[in-house]
Amino acid sequence: MGIQGMELCAMAVVVLLFIAVLKQFGILEPMSMEDSSDSELELSAVRHQPEGLDQLQAQTKFTKKELQSLYRGFKNECPTGLVDEDTFKLIYSQFFPQGDATTYAHFLFNAFDADGNGAIRFEDFVVGLSILLRGTVHEKLKWAFNLYDINKDGYITKEEMLAIMKSIYDMMGRHTYPILREDAPLEHVERFFQKMDRNQDGVVTIDEFLETCQKDENIMSSMQLFENVI
């Protein structure tokens, strides 16, 4: 992979693989054409009860029917209404048996666990999914920055970006073609910083990230690839 598009390599992998996993496990089920008589989400037999449907609709860009469909799939896979990190890792390990998805799943879990309480609620899930699928370019880029900024201090360091890239390669396994060199993740990180770190201070700020991405036509076009998935 060349320098073009490397700024959002992890972003693209996040969206495509996350959506693939959701579909594989039935969380993104086909939309039902039946008209629900209930105006609120079904709340039976769950330990965590999500916010009201109207409130979630206001927080996301999903319709009521889409939220109902998403919730049915979420509840089927997560009867308690919560997803912990171990469950998240198990799902990814089953979907990517050829590699080690543990670290990648950890980073992605933290990106969705908005309040950092160690569990992904339905609210966390749909708000993040709404950004990835239907958010503005600015919102998607901020989400990607948050993923890269592992310790949430407002900066992306080379160590953080390298950890993300290594986790992606580990998850995809050693049987990719063409075979990746051991130093490939580090090369990608160096290219990322050559382009993003405008003042060459060794870290990438949110302003540097947004400015560089928004001036790149390839990145802008890639942001449209994930719309209308559901």
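Quick reminder: no glycine exception, Cβ is built from N, Cα and C everywhere.
Automatic prediction, not curation, is the source of TrEMBL annotations.
According to TrEMBL, the features are:
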- 1-24: signal peptide (SIGNAL)
- 100-135: domain 'EF-hand' (DOMAIN)
- 136-171: domain 'EF-hand' (DOMAIN)
- 184-219: domain 'EF-hand' (DOMAIN)
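Panel annotation: around the domain 'EF-hand' (136-171), residues 8-11, 13-14, 17, 92, 96, 99-101, 103-108, 110-111, 128, 180, 184-186, 188-190, 192-193, 196, 202-206, 209-210, 213-214, 220, 223 of the same chain, lying at least six beyond its termini, place a Cβ under 8 Å from a Cβ of the stretch. Sorting each residue of the domain 'EF-hand' (136-171) by its DSSP state yields 26 helix, 3 strand, 7 coil. Taken residue by residue, the domain 'EF-hand' (184-219) breaks down under DSSP into 25 helix, 3 strand, 8 coil. Look at the domain 'EF-hand' (100-135): DSSP puts its residues at 24 helix, 3 strand, 9 coil. Taken together, the residues of the domain 'EF-hand' (184-219) have an average pLDDT of 90.
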